[in-house]
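Q: So Swiss-Prot lists the following for this protein:
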TRANSMEM  70-93  transmembrane segment
TRANSMEM  156-179  transmembrane segment
TRANSMEM  195-219  transmembrane segment
TRANSMEM  291-309  transmembrane segment
TRANSMEM  346-369  transmembrane segment
TRANSMEM  385-411  transmembrane segment
TRANSMEM  433-455  transmembrane segment
TRANSMEM  531-549  transmembrane segment
BINDING   C573, C582  [4Fe-4S] cluster binding site
TRANSMEM  589-610  transmembrane segment
TRANSMEM  664-686  transmembrane segment
BINDING   H675  chlorophyll a' binding site
BINDING   M683, Y691  chlorophyll a binding site
BINDING   W692  phylloquinone binding site
TRANSMEM  724-744  transmembrane segment
Amino acid sequence: MIIRSPEPEVKILVDRDHIKTSFEEWARPGHFSRTIAKGPETTTWIWNLHADAHDFDSHTSDLEEISRKVFSAHFGQLSIIFLWLSGMYFHGARFSNYEAWLSDPTHIGPSAQVVWPIVGQEILNGDVGGGFRGIQITSGFFQLWRASGITSELQLYCTAIGALIFAALMLFAGWFHYHKAAPKLAWFQDVESMLNHHLAGLLGLGSLSWAGHQVHVSLPINQFLNAGVDPKEIPLPHEFILNRDLLAQLYPSFAEGATPFFTLNWSKYADFLTFRGGLDPVTGGLWLTDTAHHHLAIAILFLIAGHMYRTNWGIGHGLKDILEAHKGPFTGQGHKGLYEILTTSWHAQLSLNLAMLGSLTIVVAHHMYAMPPYPYLATDYGTQLSLFTHHMWIGGFLIVGAAAHAAIFMVRDYDPTTRYNDLLDRVLRHRDAIISHLNWACIFLGFHSFGLYIHNDTMSALGRPQDMFSDTAIQLQPVFAQWIQNTHALAPGATAPGATASTSLTWGGGDLVAVGGKVALLPIPLGTADFLVHHIHAFTIHVTVLILLKGVLFARSSRLIPDKANLGFRFPCDGPGRGGTCQVSAWDHVFLGLFWMYNSISVVIFHFSWKMQSDVWGSISDQGVVTHITGGNFAQSSITINGWLRDFLWAQASQVIQSYGSSLSAYGLFFLGAHFVWAFSLMFLFSGRGYWQELIESIVWAHNKLKVAPATQPRALSIVQGRAVGVTHYLLGGIATTWAFFLARIIAVG
């Protein structure tokens, strides 16, 4: 008798021809909702249409159908990203001075947009050097392209076409995986398989292929560019890939092929996989051989990580087991039940992902200046400032989004009957202690951090500089930060073998890298001024967290409104009969949190902008004397509120205010217009619904008199709609104002 092991069953994980493709739905706005599909009776209809179009939870309660819609929408999102990317590369190919910039990146500025001569707008085409007139761009694409080894506009053109093809492919995939082969719920919930594929596939093989590209294409091309070879003389990428001898001339170990790899003699490869630390003095960017090494190491880590979870082959970890084993002495059931939450509530899953991604984006913002990854990025001050500001804003929005979806999870997906004594339940049960302590911390930080500034303003006003908190009077040195800096500055010899410099020049150690007479990076000194503003950062961040966390922890119930869960995620007040219950919905906490997020990030980018202009960015003479843009005034000026207003906001706004008649004048107009958008928001935030409804009735009366009254009844915005419109214009106006202020300033002086 032969005993065979049972054949593994092949599970069918898709439904074929799940929903027929039809354009008829497109002709019926609001087809996803019975009420909205009826068409407009009042103007509120258009608001509801926009609010619910992508709220898939409101279309159906079937988790499988919701999952499929989200999955399909992701492909649409990817398609838009590829389309955008294609546009960026197309502008580089068609309208830019990329080839000229490549030949002389220190004297020529990057530009990829030339304004047509209509009503005199061609004034915006500034002279960026090399005889090219256009708008100076600050996105960092030129530096990225050089690091990738792109040497001609034709290559950019081909890449743009490739991205368009991918965009079309993504659109097709979105349609295919909803209409033709829609995955079943089991497929979406198979987390081990998902982790294996995302870790080993996306991150592992993704990093490996990038490392391969860096080694075989980017490194040799950049080596030629750094040596001053004309880009047109450099061999094409495929020649390096196909002809090993060509690479061996630059990196001798290539002649030995894979032998050192299999004989474990890996140090042979140290000519193109390095561990130097610091910056390349020619380009002011990280050593590209360091970054190739980094991506190879990351690839190996993720390829291993992608083989850790149990799928069809009965070996490896199961995520449920891992989570349920997480029990501490004070955490009751620990993470029991978390697996079920994360596989049945996409809001809970999204919330975690947004929190992680938001934090990571802010980490990216800081690394982009401290460890500038691309050639000639560090000396392009406009791009440095833009990249920092951009990643800070994006990170802030993602973190607020994390709180929003955590609250939606609490309202829509949390089932208190099945959750007892797990970590989340325990947090909810002592939420009063958490929130009241956090509130105390906010009050303490607010009064003390602001109090230090007010003290300084008062002493300064009374002419008593010796009694101020400053580096020259009463010092409040950030000793812990200085200790961390010092540790890192001394670390290279003791940690990585062969590392000649620390991970970042900002740590200290006296090294300075300048490219073409401009400072790329140098050790950043920290003093009393930084100590003060860092406590403002602590204050604003804690208040943001207080608002957002309160919204999540009290999303379902509170002492004021015990049945809050029944009212939903967003509601204006708890009915007409109960005063003092407005702005308590989870949505309102997100709304209020956005303002404090805006506060937090504004202080951060102001701090960064001024600190870099004062202590880092500037020019260096032949004698090695550094002249900073604002001459090191941060340490003495930023210790008073008056100093921030006078020497930062007012002094540095002169470029944007005086930009009329120059190529920077668009920023002057934006500065004006964005202030207007910001002020416009206050109209929505400070006036109530009744005021507008009264006004509307009067206007409708006039229309009736003239027999031009519309069939759709005009309605004032609801309370929630007014707040949404208000906060949108507030943030948009504020961010665009800052953008115009920063860019006009840094393009003029940088």
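Glycine too: its Cβ is placed from the backbone N, Cα and C atoms.
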Q: Below 8 Å between Cβ atoms, which of the listed ranges 70-93, 195-219, 433-455, 664-686, 724-744 makes the most pairs with the transmembrane segment (291-309)?
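A: The stretch with the most contacts is 195-219.
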Q: To the nearest whole angstrom, what is the C-alpha distance linking W692 (phylloquinone binding site) and M683 (chlorophyll a binding site)?
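A: Counting only the Cα atoms, the answer is 11 Å.
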Q: For the binding-site residues listed here, C573, C582, M683, which shows the highest count of neighbouring CB atoms within 10 A?
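A: Within the set of binding-site residues, the most crowded position is C573.
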Q: Work through the binding-site residues one by one (Y691, W692) and point out the residue whose CB has the fewest other CB atoms within 10 angstroms.
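A: Sparsest of the binding-site residues Y691, W692 by Cβ contacts within 10 Å: Y691.
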Q: Determine, using Cα-Cα distances only, which of these binding-site residues is closest to C573 ([4Fe-4S] cluster binding site): H675, M683, Y691.
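A: Smallest Cα separation from C573 ([4Fe-4S] cluster binding site) among H675, M683, Y691: Y691.
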Q: So if I exclude everything within five residues of the ends of the transmembrane segment (589-610), which remaining residues of that chain have a CB under 8 angstroms from its CBs? That is, six or more out.
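A: Residues 369, 385, 388-389, 392-393, 395-397, 399-400, 403-404, 407, 533, 536-537, 540-541, 543-544, 547-548, 550-552, 583, 630, 634, 638, 644, 648, 652, 723-724, 727, 730-731, 734-735, 738, 742, 746.
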Q: Taking each of C582, M683, Y691 in turn, which of these binding-site residues have a Cα lying within 10 angstroms of the Cα of H675 (chlorophyll a' binding site)?
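A: Candidates kept after distance check: none.
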Q: Hey, which of 70-93, 156-179, 385-411 has the most Cβ-Cβ pairs under 8 Å against the transmembrane segment (346-369)?
A: 385-411
Q: Which residues of the chain, 6 or more past the ends of the transmembrane segment (70-93), have a CB below 8 A from one of its CBs?
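A: Distal contacts: 54, 56, 112-113, 139, 141-142, 145, 153-154, 156-157, 159-161, 163-164, 166-168, 170-171, 173-175, 177-178, 183, 188, 346.
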Q: Report, as numbers and ranges, which residues of the same chain sit near the transmembrane segment (385-411): CB under 8 Å and 6 or more residues beyond its ends.
A: 138-140, 341, 345, 347-348, 350-355, 357-362, 364-366, 368-369, 544, 548-549, 551-552, 555-556, 565, 568-569, 586-587, 589-590, 593-594, 597-598, 600-601, 604-605, 608-609, 612, 735, 738-739, 742-743, 746, 750
Q: Using C-alpha atoms only, work out the spacing between C582 ([4Fe-4S] cluster binding site) and Y691 (chlorophyll a binding site) and round it to an integer in Å.
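A: Each residue's Cα considered, C582 ([4Fe-4S] cluster binding site) and Y691 (chlorophyll a binding site) end up 18 Å apart.
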Q: Tally every other Cβ atom lying within 10 Å of the Cβ atom of H675 (chlorophyll a' binding site).
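A: If we count other Cβ atoms within 10 Å of H675 (chlorophyll a' binding site), we arrive at 15.
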Q: For C582 ([4Fe-4S] cluster binding site), which DSSP three-state class applies?
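A: The residue in question, C582 ([4Fe-4S] cluster binding site), is coil (DSSP, three-state).
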